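Before any comments, here is the structure.
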Amino acid sequence: MHINGIDHLELYVGDARQAAFYFDTAVGFRLRGQGGPETGLAGQRSLLLAQAGIRLLLTTGLSAEHPAATYVHRHGDGIAVVALAVDDAAGAYAELVARGATGVTPPRTFTDGKAEVVLAEVGGFGDVLHRLVERRGDHDVFLPGAIEPVAAPDGDALLAEVDHLAVCVPPGQLDETVAHYEKVFGFAEIFTEHIEVAGQAMNSKVVQSPSGQVTFVLLEPDTGARAGQIEDFLRWHAGAGVQHLGLRTDDIVTAVGALAGRGVRFARTPGAYYDHLEQRVGRLDAPVDRLRELSILVDSDHDGQLLQIFTESMHVRRTLFLELIERRGARTFGSGNIKALYEAKERELTAAGAIPAAAAGGVTA
């Protein structure tokens, strides 16, 4: 079985049109398809948005019994399905189940004469599923006979592709989750880190598909330290799930400036972070003053530089948020940025009243 990459991500949301409005007007996605009972999608309304190589399917359940409604009631809006592109969905489904995956939906075929799509689903982490997607014929047809295409003008395409998904798991489940993806999906562990910030701590391991096209950053709270934002996510989300979606851009300065102008709120970083920045990470193409103005973080590994920034969460539970990331050669995740991003998110949650100021420890504004 070969995983070619991420085909799409399906978000279960309370209001698909409202969520689509945010991703369209603020983040630059464009409506590319829609479906509902009238197209054969019983009990749901789905909107397909796309930007360059990123596809998001926003789904709202139309009855309390629909899986999307059940998910939203328990977890709030979030990424419920990570769809993986494969060459043979039926074969991949059988192989994954034989390796220990939980079979959820056996292979189904959708066709309209121009395109054929085979879908199957297996369990992932928490209540998140992995959908196996095999496409033949016209790949621009998302789901023949179920999602009707919508013609819309192209946007700026400031975001290029999914870089990674960060997943929070309960204490004691990090190693078993890594082992599951190694055994069942053939992923490899490529990075490990223990992070301590202001008395809080977490363990992180990164697993990646053999193709390098699918990357999960797995986060587990360290129960030996003071409770922090990973525990908060697990409590507010009611279990394991996708904490943030990392989206790669070729020009983070332009992308952040444009998205901020459209109303996207980004986590802020203290100005002192940028003192002596080039001495820490090497010469930068972008002016340090501009990075400071936009709160973009910079780090490096053996292969190059890494520029990153978090958005503030757009959900009432303060759970799912986005990360913009530009890789200038770097292939991993810089240790300095991990700590700085954690601190930036801590400041956001404290300012929002999600974390009492006294509990923020040594994190300063």
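In case you wondered, yes, glycine gets a Cβ from its N, Cα and C as well.
Here is what TrEMBL records for this protein:
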BINDING   His164, His244, Glu323  Fe cation binding site
DOMAIN    5-135  domain 'VOC'
DOMAIN    161-312  domain 'VOC'
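Close to the recorded Fe cation site, the chain also has Asp163, Leu165, Ala166, Val217, Gln243, Leu245, Gly246, Leu247, Phe310, Leu322, Ile325: residues not among His164, His244, Glu323 whose Cβ is within 8 Å of the site's Cβ mean position. Other Cβ atoms within 10 Å of the Cβ of Glu323 (Fe cation binding site), summed over all protein chains shown, number 21. Fewest Cβ neighbours within 10 Å among the binding-site residues His164, His244: this applies to His164. On the 0 to 100 pLDDT scale, the domain 'VOC' (161-312) averages 94 in this prediction.
DSSP states for the domain 'VOC' (5-135), grouped as helix (H, G, I), strand (E, B) and coil, give 33 helix, 64 strand, 34 coil.
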